[in-house]
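Record features, source TrEMBL:
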type	residues	note
BINDING	125, 417, 418, 419, 441, 470, 471, 493	L-glutamate binding site
ACT_SITE	399	active site, nucleophile
Ligand code: DON
């Protein structure tokens, strides 16, 4: 227990007297959006208690996992740019200051709603190169190897530059060059290295230093840049300059494409110039559904986020979670049973819509949820095996999300990633950016787990030109009146879906304000492994004992569950932003 932590615990002691089980958390992140009259208790030792700053504004709000990127977004809004302009600038800025997950060598998804109520979803997920086969990732006995995660074979054709370019083409109001300028400045003139970046690089030093260009850029003088030092990336600055002057073509046809293709040939990777030429960001119809009168707009396949969350929320909509209380054993039990069923369908049915047919209407319907509820006992855990339809054959991750709202009410939720921290670990020589390892999100062989323990079916089998199934869940929530209420999303692999779902429940069912909703301890269940994960100190002993008694295997998570960057729009139009303290460099700024 850190000193800071002890101090916090004492600070709430007075409140504890009136709340013997935990402690009542004072609202600080704006008004509670629903008046539930319920008292929110967090366990005494829970770390995050509503004390971090929030952003407040009326003209705009930016919440990202890095304060410099947040600043870039707010500057763009203040200069008259709209939410999409800010999102493009933030996307490039994060590629400079947060190389763990911010990227131009990865991919992601964006969900938007314009001030006049139009919605859209952009898929800029990586694609598998034309030369790929499942055999690339299986040993002689047909067992998946590590190559979907590490090294050149793990790299999917990057989508980020095409995605940001397409967002700008359709919605941007400022010049493309102006949106890249802050990122170029950060790359050229440098920024101060945070403890989080230093630790992340050090933690992966042995893998990362295998690659010459990675060593050269990120371990100058043979070591990770020191905390507090200035870190410059001139090579990346040049790459961004080219993208600024030539647009996405620089990346997919021009000099950068050539450098990627050369590195692939050199290292035995599969991406060729033709794969880059063929890459397209695709507009998809968002998954839209109703939860207790609110409208939820989220990402459709090839992300599983929206469909899986819709199924889970439709199931719990049939229960009085508010009456059962926040994180009571009964409400956790019902959420977990909903997650179990939703992940069973996710893992069995979902994949790239350009390759597989999926019963999405059925899975996200209220009738389907009714049937699912009929199989839920109020006091007994179900057996995951009875839902799993993918036979099980055997025995630091990073992504980042940001949420932006502008003065005209345009909102964008964007999640993008290299998959694991620093992706494949490969920096493109003479281009200065990391390539993803997104191929690991595919099913390599049905029944074998990927890095996130997801056991998926042939619907998500790796194939040329296909996009791997994702869990990224950029989401926008509207009030029953149709006005904007929430903009949110998270990193965390499969935990993204459960973290986002719980934040929606925190706000709609439990009436939490932005700060408390984000700080609140989370749980996670993804069907298999059959474990109910909770955050350290996030559930008190008594609650865990009741859940165990119901038959749940209750296990502490070895890491925090997600990192939610949330905006709430209050009833009077005030914007409240809360960055997740689970990711230490985050920040919300409004004006
Ligand atoms: O698309 C996905 O679901 C994963 N590639 C996301 C990876 C992730 O969130 C890692 N972050 N903590």
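Cβ atoms here come from the backbone N, Cα and C positions, even for glycine.
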Which of 417, 470, all binding-site residues, has a Cβ with the fewest other Cβ atoms inside 10 Å: 470
Least Cβ-crowded entry, counting other Cβ within 10 Å, from the binding-site residues listed as 125, 418, 419, 471: 471
Protein Cβ atoms within 10 Å of residue 493 (L-glutamate binding site), excluding its own: 25
Residue 399 (active site, nucleophile) and residue 441 (L-glutamate binding site), distance between Cα atoms, whole Å: 13
Nonlocal residues around residue 399 (active site, nucleophile), in sequence order (Cβ under 8 Å, 6 or more apart): 101, 108, 415, 416, 417, 418, 419, 472, 491, 492, 493, 496
Max pairwise CA distance, angstrom, over record-listed L-glutamate binders 125, 417, 418, 419, 441, 470, 471, 493: 14
Candidates near ligand 1 among the binding-site residues 125, 418, 470, 471, judged by a Cβ under 6 angstroms: 470, 471
Environment of 125, 417, 418, 419, 441, 470, 471, 493, the listed L-glutamate site - residues of the same chain whose CB lies within 8 A of the CB centroid: 107, 399, 438, 468, 472
